[in-house]
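Participant: Just dropping this structure here.
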Amino acid sequence: MNKYFENVSKIKYEGPKSNNPYSFKFYNPEEVIDGKTMEEHLRFSIAYWHTFTADGTDQFGKATMQRPWNHYTDPMDIAKARVEAAFEFFDKINAPYFCFHDRDIAPEGDTLRETNKNLDTIVAMIKDYLKTSKTKVLWGTANLFSNPRFVHGASTSCNADVFAYSAAQVKKALEITKELGGENYVFWGGREGYETLLNTDMEFELDNFARFLHMAVDYAKEIGFEGQFLIEPKPKEPTKHQYDFDVANVLAFLRKYDLDKYFKVNIEANHATLAFHDFQHELRYARINGVLGSIDANTGDMLLGWDTDQFPTDIRMTTLAMYEVIKMGGFDKGGLNFDAKVRRASFEPEDLFLGHIAGMDAFAKGFKVAYKLVKDRVFDKFIEERYASYKDGIGADIVSGKADFRSLEKYALERSQIVNKSGRQELLESILNQYLFAE
């Protein structure tokens with residue numbers, strides 16, 4: 001295939017000294033580390049929406065992107081051309097996976113029946129390409145936020161007709177995700193939240209959200225979909241306050257409604273930023289609670305208060321992210337999906353490759369540094385020593401449950417003074433830099 005990206009050949013690993021912009025400097029998919037290839041460890045995925053449907057439109061200006069597959073006038077012809085362009089891109093960049101929203105791959109019709117017919121046509125085309133492609137589907141999802149019908153939300157809408165439509169749309173999205181061999185299914189509630197509590201029954205909306213998710217679980221069982229269900233936290237945008245604010249918020253919701261046995265989380269770096277968390281914080285909280293399912297790999301601008309979805313190029317960030325993934329034991333069904341878009345001024349088709357190469361190299365380098373940090377137990381050894389007071393004596397009594405307030409008071413009264421030790425943050429940050437910049 002060489003129709004839409006004629007100026008780009010297959011992207012290959014050439015090493016860190018290469019001056020070829022269309023090559024991997026750190027991502028060698030065939031390199032074996034700890035018994036698995038880099039490709040198997042990282043499980044990279046291309047986001048269909050940012051890569052093939054985004055046109056550069058923003059609130060202040062029109063489309064800028066040069067996308068040769070968009071020259072048709074019929075929306076279905078554009079959708080078919082996008083499939084051709086997508087698989088040419090997947091092949092040239094050697095992508096293991098891609099992700100999609102239902103409305104990314106096929107246009108809406110005038111009715112739900114017509115929309116589903118459009119989906120069936122494009123899904124059949126994608127299935128044909130999948131037969132000869134190494135690329136697979138990491139996850140599918142439904143766009144329950146763009147159409148004006150979702151102005152008050154989808155499953156949390158005050159309008160029961162919208163709830164019903166949303167259910168029908170997710171039903172179809174689950175079916176096509178299963179049909180395409182998707183390994184996960186994602187729920188992101190962009191409109192599941194509120195602008196003001198003056199007109200909102202929060203308790204009822206959360207109850208309905210849970211009812212909706214239970215229906216999805218039941219239908220997945222009915223059709224035999226064995227993929228992992230994921231919720232993607234985000235605190236705001238487009239809604240002022242979204243119900244899936246952050247990992248802790250999502251986990252509390254899942255536990256309250258007896259959904260935690262079915263769901264994990266898909267964590268996006270830029271969404272962590274919007275929740276005023278470090279990316280690693282969200283990953284760590286999910287990991288220690290056993291719900292880290294997948295990652296949307298991007299980054300945000302710390303000086304801006306909205307979701308910029310930039311390609312991740314900060315090796316420190318990717319290292320600390322992959323540190324959590326490695327400590328988890330690696331991905332199961334999840335992966336690293338580049339929910340990232342080239343900048344509005346990076347409008348040429350070739351920029352799509354350059355953006356993904358930058359992100360893939362950044363995570364590959366981060367993975368290798370993180371693997372060495374874990375193997376050398378750099379932080380583990382320090383942390384074990386820092387909490388050593390709980391290994392014996394009164395600390396061991398606290399951990400085992402032997403201690404109570406009376407015994408702890410007696411112990412405290414008998415101590416003349418408390419001696420703390422330094423946290424050595426600066427030392428650890430310096431050691432991290434040693435690993436980051438080691439040759």
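Glycine is no exception: its Cβ is also placed from the backbone N, Cα and C atoms.
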Participant: Which of Asp201, Asp296, Asp307 shares the Co(2+) 1 site with Glu232, Glu268, Asp339 per Swiss-Prot?
Facilitator: Asp296
Participant: Taking Cα atoms as reference points, which of the recorded positions His101, Asp104, Asp296 is nearest to Asp309 (Co(2+) 2 binding site)?
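Facilitator: For Asp309 (Co(2+) 2 binding site), the spatially nearest of the recorded positions is Asp296.
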Participant: 10 Å Cβ neighbour count around Asp296 (Co(2+) 1 binding site)?
Facilitator: 24
Participant: Report, in whole Å, the straight Cα-to-Cα distance of His271 (Co(2+) 2 binding site) from Asp296 (Co(2+) 1 binding site).
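Facilitator: Distance (Cα to Cα, whole Å): 9 Å.
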Participant: Cβ-Cβ under 8 Å from Asp339 (Co(2+) 1 binding site), same chain, 6 or more residues apart: which ones?
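Facilitator: Once residues fewer than 6 apart are set aside, Asp339 (Co(2+) 1 binding site) is near Ala47, His50, Cys99, Glu268, Asn270, Asp296, Ala297, Asn298, Asp309.
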Participant: Can you tell me which of the recorded positions His101, Asp104, Glu232 is spatially closest to His271 (Co(2+) 2 binding site)? Compare CA atoms only.
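Facilitator: Nearest listed residue in space: Glu232.
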Participant: Around the C-beta of Asp104 (active site), how many further C-beta atoms are within 10 angstroms, looking at every protein chain?
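Facilitator: Total other Cβ atoms inside 10 Å, all chains included: 24.
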